[in-house]
Amino acid sequence: MNTASHDTVRALEWRDEGLYLLDQRLLPDQEQYLCCADAASVAQAITDMVVRGAPAIGVAAGYGAALAGAAAWRTHGSGWQAGMAEDIDTLRRSRPTAVNLGWALRRMEAFAARLPEDQDPAPALLAEAQAIHEEDVAANRRMGRSGAGLIQPGSGVLTHCNTGSLATGGLGTALGVIRTAWADGRVERVFADETRPWLQGSRLTAWELAADGIPVDLLADGAAAALMRTGQVQWAIVGADRIAANGDVANKIGTYAVALAARQHGVRLMVVAPTSTIDLATPAGEQIPIETRDAREVLYAGGRRIAPESEAVGAWNPVFDVTPAELVDVIVTERGVVHQPDADGIARLFEGAG
């Protein structure tokens, strides 16, 4: 497997003046792309989890902002900068926890503010969105190489949720590390939690790894601790939707349980995320907004209700949880690696950054 030219899966691509998103709700049964021709449809696709994963959401938001600017020029002419504000706000509200979303929109807004108001901004905005996409592809490769170098040959690894090409613009974050380590002969066995209730592990991660010819064993989320106790796993490798300034990590629900089990059983925990996922404005995990989704996602599976039909039966459905920094052994970013992360280590990643 050549990770340098990896292009097995594309979660999103720009063509024919629109953003095409691989509809991840339909995988692995159907590979169908949804075309988004305006910012509102991009925002709805993010909310509905057509596209998911913090880096991919950020890339999609960049393209959504480009569509917003193009539409504002057509409608308002020289007033396009003010005209795109409503669409930007709609995009910003689409998913509250993934910080890459806000990061990409702030970057696009700042770029738009530097453009002349009396010229069509569409080509320049599209080029900036494509730059965000290309930078994510490059960051994935750097993180994959850095993270793989920490893994000893013959290791077993466990991952949670989906952090591959479906969740990013390129190779993946945590799954990018696993792909690279597999290609290097460092990983002997890959385990993936099924990741209820959306089953991103069994539907998406297993699908990606199978496409690459990498064997993977799925397990129920509740089996992770028992697996670690057997000694078959040396690393738990996960992504992140937001990392606070002190190193606390918000990620897919169940990550905290994986981290606790890993610490109990001597398994090291690696978090892999681009620096756009780090929110220096959020001091600690307690301040990270945690999205809660519809109870039906827990009460139903495959379109069929699996819980009793009773008003007495409800569901609690937070999408993310927060893992304290003290449970994290290493955070891998495109700018460097932070061992035993804390506020000082996180801050050093941004030293000299423009």
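A Cβ is built for glycine as well, from the same backbone N, Cα and C atoms used for every other residue.
Per Swiss-Prot, the substrate site holds R52, G53, A54, R95, N251, K252; the candidate it also names there, chosen from Q152, Q200, Q287, is Q200. Compute the center of the Cβ atoms of R52, G53, A54, R95, Q200, N251, K252, which mark the site for substrate; besides them, the chain residues with Cβ within 8 Å of that center are I57, A98, C161, N162, A167, G239, D241, V319, F320. Under the three-state DSSP scheme, Q200 (substrate binding site) falls in the helix class. Those residues noted as binding substrate (R52, G53, A54, R95, Q200, N251, K252) have their most widely separated CA atoms at a distance of 17 Å. Reported as a whole number, the C-alpha separation between K252 (substrate binding site) and C161 (site 'Transition state stabilizer') equals 7 Å.
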